[in-house]
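One structure is given below, encoded as structure tokens.
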Amino acid sequence: MEIADRITEKNDSNDGGETEERSRTKHKGKHKKDKPWDNESIDHWKVEKFDPSWNESGMLEVSSFSTLFPQYREKYLQECWPMVKGALKEHGIACDLNLVEGSMSVSTTRKTKDPYIIIKARDLIKLLSRSVPAPQAIKILNDEIHCDIIKIGNLVRNKERFVKRRQHLVGPNSSTLKALEILTECYILVQGNTVAAMGSFRGLKQVRKVVEECILNKMHPVYNIKILMMKKQLEKNPALANENWDRFLPKFKKKNVKQKKVKTKEKKIYTPFPPPQPPSKIDMQLESGEYFLADKKKQAKKWQEKQEKQAEKTAENKRKREEAFVPPEEPVRQDSRATDDKNDVAAMTLSLKEKAKEQRRQKSAEKIDAEAYIAASAKPSAKKKSKH
């Protein structure tokens, strides 16, 4: 009986699983329906302007932020604070400038309707502390404009290298920075160890990439500007909207500049024993025997050494003074024409000598008498006679 009951239970469970699967398959893809917001005409990235009617009751809790500012900004902040206070008052934000502590603070009030405006006010005091002019910093309160403060001071250890790379970012006469501002449509300010940027999210992302690559020496900002210009041109072509742009963009290879080789010191052989103690002044006097001399003799010896050194010094100074009066050796100029004339005269004398020799030979040949020559040849030589 027990076995039969188990078999029936198994069959029931199998039937239940099949019905569940059927129900799942039946409702599969039920959620995949056209939603009212899935419309191409709607721009999902558009930020709508805040309407106070959305939050009539206001804020329940007080939110506040504060930031410190450098001492050199104190005078400017005092002058522009009424302007900042008026701009924040429109949005129902209270602000305070504490010159004793050197800090600025913002906080919500009962009149604050927009819950995100306190974050914008916090960004405003951050920008003011980073030397951004007040009229430009107040623009951050608009919904379309955002800010990014990029810290570049801790990216490079060497201070000289950091200053040089930061200058690459600014460029000659701020030309590189201006080009970057036009292409990204952002306001950029390089100040100390930070770069403050204001603009759209897309522009801020591009600015951060360019700044970090410049400071880390990955790519010069001029090359990044060329790439941004190419992208700007490609955006205008609607046919390339859904294509990959890598084939159109220029590729820059990093050149390896030869660096100076660091001189490594040779490692000395480790010895557990300490080095021998250098001889003291008294030990050296004992060795030379000077220690046992009388005071007068010691003084006389010192005086003599002093005189010898003085004489050497005076002789050297005299030699240096006399060097100024020694006339420099004038270079001997060899006249090329004179040498050519000498060569021509020598050639002429040789040719004349050869001609004179030839003339003598001809004259001697003409004077020889034939009968005398034959008689001379007929006579035997003296050497032959002696042999016979």
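Backbone N, Cα and C define each Cβ position, glycine as well.
Residues or ranges marked as region 'Disordered' in TrEMBL: 1-38 (among others).
Look at TrEMBL and you will find 1-23 (among others) tagged as compositional bias 'Basic and acidic residues'.
Annotation source TrEMBL lists compositional bias 'Basic residues' at 24-34.
Marked as domain 'KRR1 small subunit processome component first KH' by TrEMBL: 63-143. Applying DSSP to the domain 'KRR1 small subunit processome component first KH' (63-143) sorts its residues as follows: 40 helix, 17 strand, 24 coil.
Look at TrEMBL and you will find 146-236 tagged as domain 'KRR1 small subunit processome component second KH'.
Through the fold, the region 'Disordered' (259-283) approaches residues 291 of its own chain, all at least 6 residues removed from its boundaries and within a Cβ separation under 8 Å. Annotated region 'Disordered' per TrEMBL: 259-283 (among others), in sequence order.
Per TrEMBL, region 'Disordered' is recorded for 297-388 (among others).
Residues or ranges marked as compositional bias 'Basic and acidic residues' in TrEMBL: 297-344 (among others).
Marked as compositional bias 'Basic and acidic residues' by TrEMBL: 352-370 (among others).
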DSSP helix/strand/coil residue counts for the domain 'KRR1 small subunit processome component second KH' (146-236): 55 helix, 17 strand, 19 coil
